Structures are given as C-alpha cells and as structure tokens.
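Participant: TrEMBL lists H159 with the feature active site, proton donor/acceptor. Residues or ranges marked as NADP(+) binding site in TrEMBL: R38. The feature NAD(+) binding site is assigned by TrEMBL to G101, T102, T103, S125, G126, N127, M128. The feature (S)-2,3,4,5-tetrahydrodipicolinate binding site is assigned by TrEMBL to H160, G169, T170. Residues or ranges marked as domain 'Dihydrodipicolinate reductase N-terminal' in TrEMBL: 6-128. Annotation source TrEMBL lists domain 'Dihydrodipicolinate reductase C-terminal' at 131-268.
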Amino acid sequence: MQKSPMRIVILGGGRMGRSLINEIHNNPSFILTSVVVRQGSPLVGQDVGDVVGISTIGVKFSDDIVTAMQSVDGIIDFSSPVLTLQSLDISSQRNLVHVIGTTGFSIKENEMIASFAKNCRIVKSGNMSLGINFLRFLVKTASEYFPSKDWDFEILEMHHRRKLDSPSGTAFLLGEAIAEGRKVNFADHVVLNRNKQQRVREEGSIGISSLRGGSIVGEHSVVVAGEGESITLSHSAHDRCVFARGALTAALWAEFKNFGLYSMYDVLDVELIRKK
C-alpha cells in the first residue's frame, strides 16, 4: 500500500520558509497545510504560492499557530526560540514530528526541548544540509586521529551580510565535533576572537573566525594545521534549497521513529558509515 503524503506546516516565513514552500510544492511525499509567521505580519492571509512566485495553491500564511497545527503529521521549524518552544508544547501533546532548524537556544531552552522529546519525534540541527553533517563526521574523525599536541584545528565561516548571529550555528556544530573527537568540553577550549589575545596559540584550543559579506549562503572550512603541512575540510552551500531538502529528509526519516531527540547525525546514520 502506498504511503499517504506527510501533512506539513512550516514555521517561519523568511528565506528558509520560502525555500521550503518551493521544495514541498515539487515533492509528492508532502502536503503543505499552512505557513505560520509572526503575529501582525503583512503576509497573514496571503496565498503562499503567490508570494513565492509559484501561482496560487490555496495555502495561506497564518499567525494562528494552534489552528495551523491541527490535523498535521509534522512541523518544519525555522522560526525563533520563542515560537519553537510554543509549538513544541503542541507537538508533544499531539505526538508529532518536529524538525528544528531554529538556532540561538539557551542551555535552559535546550533542556526544555529534550523534555518535549519524551512525547514526540524531534530532529534538531544547527544545519540541515546533509553535506555539512557529513563534513561534521569527517571533522570528528580527523580530530580523533590527529593529536592536539601536534595538530591545530581552526574553523572559518562566511555568510551573507544580513546574517545576524556570529559565529554561525554551523561553526559551533563543527567545533563541537572537534571537541567530541578529542573527548574534551567544547566550551573550555573554544576561542572566538583572537584579536584580543596577545599571546601564542594555546595547545588544544578550537578557534572560530567569522566573515560577513555579499549574498553568500554559507561557507565553512576546518583547517587542520601541523608542522610543514595542513589539511582543509570544507563545504559550500550555493542555494538554501540544500537546507530545505535536508529538513524534508529528516521529517520523512523521523515519521515512524520512537519518541526522542535526534540529530542529522542520526538521519545520516554515521555509525553505519563507520562500520563500512
């Protein structure tokens, strides 16, 4: 028997929300039911297809999250921490799939997300690209093999001029992968601004540098520098569709999983990759 399409509501009407609208429109595995935006947004009531340029499709922008989340199978969320937590309360009550691409959560908010996962299926990642998550796997593997006394790991990220947060959530994701491979606490080793430091590089530190400019979707490089040689592991996102496609892949993957908090690492099944 053919599986019914997954009924999806999008949280967030920004660049990622619009990319998701286009991807879902061309994917028969999904049915888009609504796109939730902030209260008072000028988009409320408009047809999402008209706004993104794919013609009228009969789906409206809404600021009523409770109504929008009725009769759906899953949520793809690129909104804000406040809206994410509000919607997770509903997702946990209705045992839904909730894919979170939102970033900027506090420690306490992350603890709340983990608690909600007891009653729903959550896939959360600072970057939904399958490619960047495979890069994370490679970076972790490299940090396991190259000892910090001989090899220095530095992260460089660049994004468009309008990006608000710095460093990016993805840079932190890669830094955490380095720390995980070394079996150390990331917060104890990360260095965000070497401009203020007038001293030699500390052994084992994990440096992150940020650049902003133009319309660059996202570029991340991890430089592994040793004596007389270096390795650069990098990923470039040329279109936001890669994040949208990754989020949709995660939603389908999670639909029949047990309740819990998952990452794109789980979606990729990197442990299976290791065994191969």
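Every residue gets a Cβ built from N, Cα and C, even glycine.
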Participant: With NAD(+) as the bound species and G101, T102, T103, S125, G126, N127, M128 as its recorded binding residues, calculate the greatest Cα-Cα distance and give it in Å as a whole number.
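Facilitator: Among the residues the record ties to NAD(+), max Cα distance equals 11 Å.
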Participant: Can you give me the Cα-Cα distance between G126 (NAD(+) binding site) and R38 (NADP(+) binding site) in Å, rounded to a whole number?
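Facilitator: Cα-Cα distance, G126 (NAD(+) binding site) to R38 (NADP(+) binding site): 21 Å.
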Participant: Between S125 (NAD(+) binding site) and T170 ((S)-2,3,4,5-tetrahydrodipicolinate binding site), what is the CA-CA distance rounded to a whole number of Å?
Facilitator: 9
Participant: Three states by DSSP: which one describes T102 (NAD(+) binding site)?
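Facilitator: Coil, per DSSP.
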Participant: Can you give the mean pLDDT for the domain 'Dihydrodipicolinate reductase C-terminal' (131-268), rounded to a whole number?
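Facilitator: Per the prediction, mean pLDDT sits at 93 for the domain 'Dihydrodipicolinate reductase C-terminal' (131-268).
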Participant: Checking your reading of the structure: which of the recorded positions R38, T103, N127, M128, H159 lie inside a 10 Å Cα sphere centred on G169 ((S)-2,3,4,5-tetrahydrodipicolinate binding site)?
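Facilitator: T103, N127, listed in sequence order.
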Participant: For the recorded NAD(+) site formed by G101, T102, T103, S125, G126, N127, M128, which further same-chain residues have Cβ atoms within 8 Å of the site's Cβ center?
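Facilitator: For the NAD(+) site, the extra neighbours are F78, I100, K124, G169, T170, F243.
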Participant: Test of understanding: give the count of other CB atoms lying within 10 angstroms of the CB of G101 (NAD(+) binding site).
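Facilitator: I get 26 for this one.
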Participant: Please list, in sequence order, the residues in the chain of H160 ((S)-2,3,4,5-tetrahydrodipicolinate binding site) that are at least six apart in sequence and whose C-beta is under 8 Å away from its C-beta.
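Facilitator: Same-chain residues close to H160 ((S)-2,3,4,5-tetrahydrodipicolinate binding site) (Cβ under 8 Å, separated by 6 or more) are R212, G213, G214, S215, I216, V217.
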Participant: Sorted by position, what residues of the same chain at least six away from T170 ((S)-2,3,4,5-tetrahydrodipicolinate binding site) have a C-beta under 8 A from it?
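Facilitator: G126, N127, I132, E157, G218, H220 - these are the non-local Cβ neighbours of T170 ((S)-2,3,4,5-tetrahydrodipicolinate binding site), listed in sequence order.
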Participant: How many Å separate the Cα atoms of T103 (NAD(+) binding site) and H159 (active site, proton donor/acceptor)?
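Facilitator: For T103 (NAD(+) binding site) versus H159 (active site, proton donor/acceptor), the Cα atoms are 15 Å apart.
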Participant: Give me the long-range Cβ neighbours of M128 (NAD(+) binding site): same chain, 6+ apart, Cβ under 8 Å, in sequence order.
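Facilitator: Residues satisfying the criterion: V99, G101, F243, A244, G246, A247, A250, M264.
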Participant: If you skip the near sequence neighbours and keep only those at least six away, which residues in the chain come within under 8 angstroms of T102 (NAD(+) binding site), Cβ to Cβ?
Facilitator: G12, D77, F78, S79, S80, P81, L83, T84
